[in-house]
Amino acid sequence: MGRSGYTCVRHVFCSLNVFVWLAGCAILGVGIWLRLAYEGYTNLLPQYSLMSADCTFIAIGVITFVVAFFGCCGAWFQSHCMLVTYFSLVIIMFLVEFMFATLAFAFRSWLGAFMVEELQSGIRHHYNTSSTNALHNLWSHVHKEFRCCGVVEYTDWYKISAWPKESWVPQSCCLPDFANNTDCGHSGSPDMWYPKGCSEQVQMWFLDRLHIVGIVGLVVAFIQLFGLISSMLLFCTVRHKRSGQTYKSYDHAS
């Protein structure tokens, strides 16, 4: 690779990894903020606390931070060890993403049924009407945001541990016209509640924004592919200039 091409790739690679590093810091900050300010309010599955939004953001932020750090430092200091580490980490990330995507597609029916069952279990055993109950506040937000009630339908709320002998629903299930009626959730009248379950509404919300998910996936794939190619080019050039007898060393400051 010529000197000008090497310098261009190196600077672009460094700049891209600085941007990714900052993005990782931001994601990590959001995760820590959710953990400190809304502890427990980000988990619809109490029995799987590691799947909560705050833990997910923290994990993604840490991984992004570490990978971008190795990439940026490896290119800037022309360290073949860091470049190899970066290349290996990106390969591992790609393989893990591919594995999870393949498994999720292959077992999508089972995964959907499993999520529905676990959400219903959380409602039955962990929900209560206390204002300090994280699940209560989270479900209230989901009901109002997606205009839904329950996981599959409003009957998911019937005879749960919070009201074991009653066919009630939370007040947040009430339609806007009846939201001010304090007895709406206890009225036993489905006409006053959102008729659709939240799993259906969330699925429709996701499908309506599927193009955004696709664009994000393509951007992530492009960054990973560019990182793999660039790190390998930089590694080969650094190794060649250190081992070659007649190869002129590039200026580290260039």
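Indices start at 1 and increase along the chain as displayed.
Including glycine, each Cβ sits where the backbone N, Cα and C put it.
Keep in mind that what you see is a predicted model, and the values were worked out from it rather than measured.
TrEMBL annotations:
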TRANSMEM  12-36  transmembrane segment
TRANSMEM  56-77  transmembrane segment
TRANSMEM  84-107  transmembrane segment
DISULFID  Cys149-Cys174  disulfide bond
TRANSMEM  212-238  transmembrane segment
Residues near Cys149 (disulfide bond) in space but at least six apart in sequence (CB under 8 A): His143, Trp157, Val169, Cys173, Trp193, Tyr194, Pro195, Lys196, Gly197, Cys198
Spatial neighbours of the transmembrane segment (84-107) far in sequence, C-beta under 8 Å, 6+ residues away: 63, 66-67, 70-71, 74, 224, 227-228, 231-232, 235
Neighbour count (Cβ, 10 Å) for Cys174 (disulfide bond): 23
